[in-house]
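Taken from Swiss-Prot as is:
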SIGNAL    1-17  signal peptide
REGION    18-445  region 'Catalytic'
REGION    444-481  region 'Disordered'
REGION    446-480  region 'Linker'
COMPBIAS  449-481  compositional bias 'Low complexity'
DISULFID  Cys488-Cys505  disulfide bond
DISULFID  Cys499-Cys515  disulfide bond
Amino acid sequence: MRASLLAFSLAAAVAGGQQAGTLTAKRHPSLTWQKCTRGGCPTLNTTMVLDANWRWTHATSGSTKCYTGNKWQATLCPDGKSCAANCALDGADYTGTYGITGSGWSLTLQFVTDNVGARAYLMADDTQYQMLELLNQELWFDVDMSNIPCGLNGALYLSAMDADGGMRKYPTNKAGAKYATGYCDAQCPRDLKYINGIANVEGWTPSTNDANGIGDHGSCCSEMDIWEANKVSTAFTPHPCTTIEQHMCEGDSCGGTYSDDRYGVLCDADGCDFNSYRMGNTTFYGEGKTVDTSSKFTVVTQFIKDSAGDLAEIKAFYVQNGKVIENSQSNVDGVSGNSITQSFCKSQKTAFGDIDDFNKKGGLKQMGKALAQAMVLVMSIWDDHAANMLWLDSTYPVPKVPGAYRGSGPTTSGVPAEVDANAPNSKVAFSNIKFGHLGISPFSGGSSGTPPSNPSSSASPTSSTAKPSSTSTASNPSGTGAAHWAQCGGIGFSGPTTCPEPYTCAKDHDIYSQCV
C-alpha cells in the first residue's frame, strides 16, 4: 500500500500488546468462502480477526491503558521488553466499536463508528491465519464501492505474515493470530505498536495529526495489493521484498512512508501499479463508467506463471450485470498492455521517470515466490494522513509530472479530518470470495487462464457477454440433468438446468448457477 494503513485517526481503543487479555469477550465475525478445484467448490466457514493495533491494551494486573492518545504509559512501558511483559491485548466489540460485520458470505467494514477505519485478516482456525498459495491461481470476489468516496481506500490484499502471528518465532508474543499480531507489508510500517514480540517504544515519536506515531523499528514483508480502490479510482500493485517473510527493520533503512529515504534496503514501497486512469483511460472505472462503481461488481485476478515456474503476469478483469469486462489497455506512449508483466513495469517506470525499485527488489519473479510460499488475506478501510490518498485518486505528486494523473479527485481532497467529518457512514462490502486454479472461475473461459475475450488482444476497453464453462469432471449418476458441481444455469447457458437428488441448482451469479 502506498502509505501505511495506520497513518490515520484512531479515535478509540487504540494500542498494541503481546499478552492475551480476558476483560473483553473475543467474538470474531464469521465469513464463508470457497476454495475451488475441478471437483467443485467446498464451502469453508471461517472468521475474520481485527488487527492488534486497533485493540485495547491494558496492564495485565488490571485495566490501566498501556497506550493513551499517542503516547506510551511510562511506568508500564519504560522499554520494549518490559512493555510486552506488562501489557495484555484484549478482545473487541467488532460491530459497535470497529464497524466490522460478518454475515454469511459477506464482510462489511464501516469507516467511522466509535473508531476510525479497520483492518482484519482471514482465519483458518482460532489460532492460525488462513494461508493462500496463489501462484498460478486466480481469486475472485464481489465488491460494493458505492459508499467509498474520494480520499478513502477499501482494500483487499495479501501480506506474507506468519501463520501464527509470530508466536513460534518470538516467545514474548503470547497473543498471536488469535489477537491478530504480526502485521507487515512492503511499506515496512513503523507505526506498529508491537513488532517481533516487543513494544516499539524506543524512539517513539507521537504523530502531530492522529493517535499514532512512529518508532525506531518497522515490520517488512512482501505485499500483493489485489484491490485498492474507492468509487473514483482503483489500482492493483505487486510489492516484492528481497526477504519474503516478515522481518524487522530499523530507522531509515526501512524505507516506505515513514523514512527519509523511501527506497529502503528490503522492500519496494512503490510497487508496479496498474491504475487505468494513470495509464490514460479516464472513462474505464467510476460512477457511470465502463466498470460502474454505483453498483456491485466482481473482481477476478489471475497470477500466471511461465514454463520456468516463475510469476510472469498478473491479470485483472471484471464482471458486472452479466458481462465480462476486460481491463483497460494502456494509452501511455511507450507502454503497452492491460496486465502487469516485467516488460510493462520496466516501460512504465521509464515513461513516468519513476525509480525502478521494483526490478531492484526482484520484480515479478520475487513476487511469485511470495505467492507460492503463501500469504494472508487482508481487508481494510482507511484514510491517509501521509498523502491524503492523492496517490490513488487525484494528481500526485504536485506539481504535475508524467504519471501524476491518477484519478479525478481534486488535489485538495482526502484531508482526513474532512473525510472523517463528511463521510462517516462510508463502508465497503466484500463478498463471495473464492479462489482456485487458473480457469476455475465461471468467468475466465476455462483452463486458459484468461477471460473469454483475451484482455491482451484488445486495443481498447470492451465488454462481452460472459461464456461460463463447467469445470466439473463429475459424472451424473442418474444420467439426466447436470452433474454434481456442474453448471446448471445462467445467462446464455443452454445446458441441463436440473440436478440429480439430493442436489439443487444454486445461483452463484447472473451468468452462473451450479449443482450443489
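Each Cβ is built from the backbone N, Cα and C atoms, and glycine gets one as well.
The structure, with features from Swiss-Prot marked on it.
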residue: Cys488; record: disulfide bond; DSSP (3 states): strand
residue: Cys499; record: disulfide bond; DSSP (3 states): coil
residue: Cys505; record: disulfide bond; DSSP (3 states): strand
residue: Cys515; record: disulfide bond; DSSP (3 states): strand
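Sequence-distant neighbours of Cys488 (disulfide bond) (same chain, 6+ apart, CB under 8 A from its CB) are Gly481, Ala482, Gly495, Pro496, Thr497, Thr498, Cys499, Cys505, Ser513, Gln514, Cys515. Counted within 10 Å of its Cβ, the other Cβ atoms near Cys499 (disulfide bond) come to 25, all protein chains included. Within the set of disulfide-bonded residues (Cys505, Cys515), the lowest number of other Cβ atoms found within 10 Å of a Cβ is recorded at Cys505.
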